[in-house]
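Working notes, structure below.
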Amino acid sequence: MDGKWQIGSLLAIPLYIDSSWFFILGLVTLVNSQEITQLNLVGNLWWLAWIAGLMLALLLFISVLLHELGHSLVALAQGINVNSITLFMFGGVAAIEKESENPIGAFWVAIAGPLVSLGLSVLLFTLLYTLPSRENLDTVRGLSVYMIEDIARINLVLGIFNLIPGLPLDGGQVLKAIVWKLKGDRFTGVRWAAASGQLIGWLGISLGLFLILLTGSLSGLWIVFIGWFVRRNAENYQRITQLQESLLTITAIDVMTREFRVINAHLTITQFAQDYLLTELHDVMVYFAASEGRYRGLIVIEDLQSIERSQWDTMTLWDIVHPLNTIPSVTEKTSVVTIIEKLEAINERYITVLSPAGAVAGIIDRGDIVKAIATYNQLPIPETEIKRIKEEGTYPSYLQLPAIVKTIDT
Ligand SMILES: [Zn+2]
């Protein structure tokens, strides 16, 4: 992964740090140490302010990590894998492999993080209650009490901020789970929570800009950034949901093409090679053999290499075809989700679509799939790109359909 380092693992979950994390670590250390100096907590021991500032920054990230572990543990308890936890500029992300199967499960995964943060906050505030006030303590002890106060506050903010009900925040996931439960449809839940996230993002951006104009200071810029981040992610959720819905809606008949040729099964291999293979420059053409109005099977060009040249004049295509019931195929009604999965499983360039009568209705390759999805979702994917996908048989990096398919429960 680029710009990401693994620093260890927790409960067998790999733990990563994004390069943007170091920037924030530095910034948070700076802000903390300044505050500690201003509060006159360290006297003239300026270096102690820096050490305490750094420790606070690290404790902030441990708090974020514990929050993510909250989500992860509940997911693990539901039998769902957690692929990684990554700490980055705006906090942490637990890459949970798939969504809970039902809204109740999704609700608990979502709320677990904020509950950990709020729980930690309550715990630390309770601890503070039993400790003497820092004015009566020496420098190091006073500083320790200050740090506990600060971390208690940070966890409170982490818990409350994440409960704001819009995607990508946990509160958005909670809202999604509730709407999912009420309306009985996951996609409706995501649409509501993503719309709410967009609104909250815009509110954040406006609030930040308003603060900058009002106070003339740039501290509102951070709120603008977070607002922008929330809005953009909410938009992504909307896009991905629309994409997932389209993958379940589109079927083979919408995707398939007739980019194959039907050849007389009585032709000898020599005739076939001369009339088609040597004259056609189209190196990715698919050939089926038929006779007496019936499909006899698929011709696999690679098979020819293993047939003695001396037999080419006597053997017919019928002798070497792979009958339709032995080749990988789908029906016209198969959803594109299943087609994508099957294509990956067989690791071929295309798959055959059979009609109810057992004839070849069409073939589907990865380019056809991308084209159908692009049309359905109004994604601007140029024809040259579709051609490249068809020839190379790989999905583009921005549309990794096998990975998207894995997020859909079928
Ligand atoms: Zn969370």
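Each residue, glycine too, has its Cβ placed from N, Cα and C.
If you check TrEMBL, you get these features:
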ACT_SITE  Glu68  active site
BINDING   His67, His71, Asp170  Zn(2+) binding site
DOMAIN    321-381  domain 'CBS'
TRANSMEM  12-33  transmembrane segment
TRANSMEM  45-66  transmembrane segment
TRANSMEM  73-96  transmembrane segment
TRANSMEM  108-131  transmembrane segment
TRANSMEM  143-164  transmembrane segment
TRANSMEM  199-230  transmembrane segment
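Mapped onto this structure are the features recorded in TrEMBL.
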residue : record              : Cβ neighbours (10 Å)
His67   : Zn(2+) binding site : 27
Glu68   : active site         : 27
His71   : Zn(2+) binding site : 26
Asp170  : Zn(2+) binding site : 26
Considering the transmembrane segment (143-164), which listed stretch of 45-66, 73-96, 108-131, 199-230 counts the most C-beta pairs under 8 Å: 108-131
Range from 12-33, 73-96, 108-131, 199-230 with the greatest count of C-beta pairs under 8 A to the transmembrane segment (45-66): 12-33
Contact set, same chain, for the transmembrane segment (12-33): CB under 8 Å, 6 or more residues outside the stretch: 1, 3-6, 49-50, 52-54, 56-58, 60-61, 65, 72, 82-89, 94, 150
Cβ-Cβ under 8 Å with the transmembrane segment (73-96): same-chain residues at least 6 beyond its ends: 4, 10-11, 13-18, 20-21, 23-24, 61, 64-65, 67, 105, 108-109, 112, 158, 226, 229
Inter-residue Cα distance where the pair is Asp170 (Zn(2+) binding site) and Glu68 (active site), in Å: 11
Model confidence over the domain 'CBS' (321-381), averaged pLDDT: 92
Check: same-chain CB within 8 A of Zn(2+) site center, minus His67, His71, Asp170: Glu68, Gly70, Gly92, Ala94, Ala110, Ala112, Gly113, Pro114, Val116, Ser117, Asn162
